[in-house]
Amino acid sequence: MSSVKYDAIIIGAGVIGPTIATAFARQGRKVLIVERDWSKPDRIVGELMQPAGIKALRELGMIKAINNIRAVDCTGYYIKYYDETITIPYPLKKDACITNPVKPVPDAVDGVNDKLDSDSTLNVDDWDFDERVRGAAFHHGDFLMNLRQICRDEPNVTAVEATVTKILRDPSDPNTVIGVQTKQPSGTVDYHAKLTISCDGIYSKFRKELSPTNVPTIGSYFIGLYLKNAELPAKGKGHVLLGGHAPALIYSVSPTETRVLCVYVSSKPPSAANDAVYKYLRDNILPAIPKETVPAFKEALEERKFRIMPNQYLSAMKQGSENHKGFILLGDSLNMRHPLTGGGMTVGLNDSVLLAKLLHPKFVEDFDDHQLIAKRLKTFHRKRKNLDAVINTLSISLYSLFAADKKPLRILRNGCFKYFQRGGECVNGPIGLLSGMLPFPMLLFNHFFSVAFYSVYLNFIERGLLGFPLALFEAFEVLFTAIVIFTPYLWNEIVR
């Protein structure tokens, strides 16, 4: 057993673990971070970061994690709906500075670590003089290794490679978590801390510590593949392909490599037998690929190097209860959404920012003060909902809208794209929500139902006078469908 008692133990060194560990360490806390495998991971998600995620990295003083990994700028979205296309830029900085300004974590920023450097692929002047906010795309593993190195460079951080097998509770008070038990080559080692934070990701072993029913649902899968030297219709944009097929995403992760993620609608993964994945991509996705990108897609298709990952949803539970003192969930172990909108890292990083601010020593002098931490966690749960509810509800609603093929959904899809084509606030609002720079749930509510009513209006126009009775019936179908695919998720995110 380790004789050292830490202020905080962080379980997991994915994207979120190193950020909260670094923030605590810079605030003077003694932190232990435990990771099962410190080698570079190879994942097909966590490669596209929205502008609100970039903002969070600045607030944490960890923006340089996107440097020197051949990251590429992301300046907005290119949407292809059947044979129609529209390009949507990210919000203007002058607007973003009002709706979601940069507010550094106290003691985490030194005036240098919140500044991006120029490197072989990123130009600081391009970022600084662009009138709009930017996101970035990169290889997940390279980005993660930079985050980990920044974390390990902190004098107050101790990094250990081990598997956490058990959450330790106080024998005299089982409601209080006092540390973790780990399995190492030398045997079992226990570590103790005043506060334990689990950031062990989508397959979290410890989220059930809060409740045995705290489990995610799987509604679909992503099939991922890499394209080499692909030509895309809009450089520097995330590409979303919509139409008579499940949605697909295309975005560059380096100057020469492009990621494609294709939704497979099923609660079970696609079969690896009989070339089922190959045939699915060839028959359903290939016809929708932009013509410039087809050669590279065909080449990747023939290589048959497919990666499959579940798309999971889990709303965040309230934390700080009397029977879980000294224990916090953070990141994907707490909360997940459909990755269609690329908002996972954005939500997690902003949670790190918020928690580091709320637990700063000027508010919580000692992590042993469980009663005070419980109060701060209630504030955390309430304040995180603005961004969390927007990103999570938007992701699952867009997936539900574009992944199924019922008549009301087809009417809504058509109305949604036509709504974007109107321009102005019909596109500025939605991209502000998607980017995380407009974290306002009621704005999402307004735009979603504006789309619904506009869809009904367009359908009346298309049906004409003779088709009025049918259009009237379809109007009720469309509005009912809109309520069903949107309201329960928004309610769950806001109220739970």
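Cβ coordinates are placed from backbone N, Cα and C, and glycine is handled just like the others.
The feature transmembrane segment is assigned by Swiss-Prot to 4-24 (among others), with sequence analysis given as support.
DSSP assigns MET345 (FAD binding site) to a helix in the three-state reduction. Here Swiss-Prot flags VAL15, ILE16, GLU35, ARG36, ARG43, ARG148, VAL164, ASP332, MET345 as FAD binding site, drawing on similarity to another entry.
In the three-state DSSP scheme, TYR77 (site 'Important for enzyme activity') falls into the strand class. Feature annotation from Swiss-Prot assigns site 'Important for enzyme activity' to TYR77.
What Swiss-Prot records for 431-451 (among others) is transmembrane segment, and it gives sequence analysis as the kind of evidence. Same-chain residues lying 6 or more positions outside the transmembrane segment (431-451) and placing a CB less than 8 Å from one of its CB atoms are 50-53, 55, 76-77, 88-91, 95-96, 99-100, 133, 135, 341, 343, 346-347, 350, 385-387, 389-391, 393-394, 397, 412, 415-416, 419, 482, 486, 490, 493-494.
What Swiss-Prot lists as transmembrane segment is 466-486 (among others).
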* To do: Would you mind reading off the Cα separation of VAL164 (FAD binding site) from TYR77 (site 'Important for enzyme activity'), to the nearest angstrom?
  => 40
* Structure fact -> Listed in sequence order, the residues of the same chain lying six or more positions from ARG43 (FAD binding site) whose CB sits under 8 Å from its CB are HIS140, GLY141, MET309
* **Distance, TYR77 (site 'Important for enzyme activity') to VAL15 (FAD binding site) (CA atoms, angstrom)** => 24
* Cβ atoms near TYR77 (site 'Important for enzyme activity') (within 10 Å, other residues, all chains) -> 26
* Looking only at Cβ atoms, how many others are within 10 Å of the one on GLU35 (FAD binding site)? -> 23
